[in-house]
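*Asks:* Take a look at the following structure, please.
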Amino acid sequence: MRIIAILAAILLVALQVRAGPLQARGDEAPGQEQRGPEDQDISISFAWDKSSALQVSGSTRGMVCSCRLVFCRRTELRVGNCLIGGVSFTYCCTRVD
């Protein structure tokens, strides 16, 4: 009877040792799938009619502009900064023909 109890205890310990790394791998997987702030891109576009376009400064008239997280795209020109919710973004514009 003692031999069966000892063998059962050894078997349980062996199963716990094997299950431990599986749980650790399962905990790591969600962290690997999360995207960091450097991967995120925010784009906010503005559209207006001609009457309100007269109120816009001449430097951005005839352009489509967006607030980007860090850098402008290759076809865009950095015009300034956007402040949204207390966070500063890069203000990028491209010409509309």
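Sequential numbering from 1, following the chain as shown.
Cβ atoms here come from the backbone N, Cα and C positions, even for glycine.
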*Asks:* Between Cys65, Cys67, which residue forms the disulfide that Swiss-Prot gives for Cys82?
*Replies:* Cys67
*Asks:* Within 10 angstroms of the C-beta of Cys72 (disulfide bond), what count of other C-beta atoms is obtained when all protein chains are considered?
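*Replies:* Neighbour count, Cβ to Cβ under the 10 Å cut-off: 16.
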*Asks:* Identify which of the disulfide-bonded residues Cys65, Cys82, Cys92, Cys93 has its Cβ surrounded by the largest number of other Cβ atoms within 10 Å, counting every protein chain shown.
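*Replies:* Output for this query is Cys92.
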*Asks:* Helix, strand or coil by DSSP: which one applies to Cys93 (disulfide bond)?
*Replies:* strand
*Asks:* Do me a favour and check the Cα-Cα span between Cys67 (disulfide bond) and Cys92 (disulfide bond); whole Å is fine.
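*Replies:* Cys67 (disulfide bond) to Cys92 (disulfide bond), Cα-Cα distance: 6 Å.
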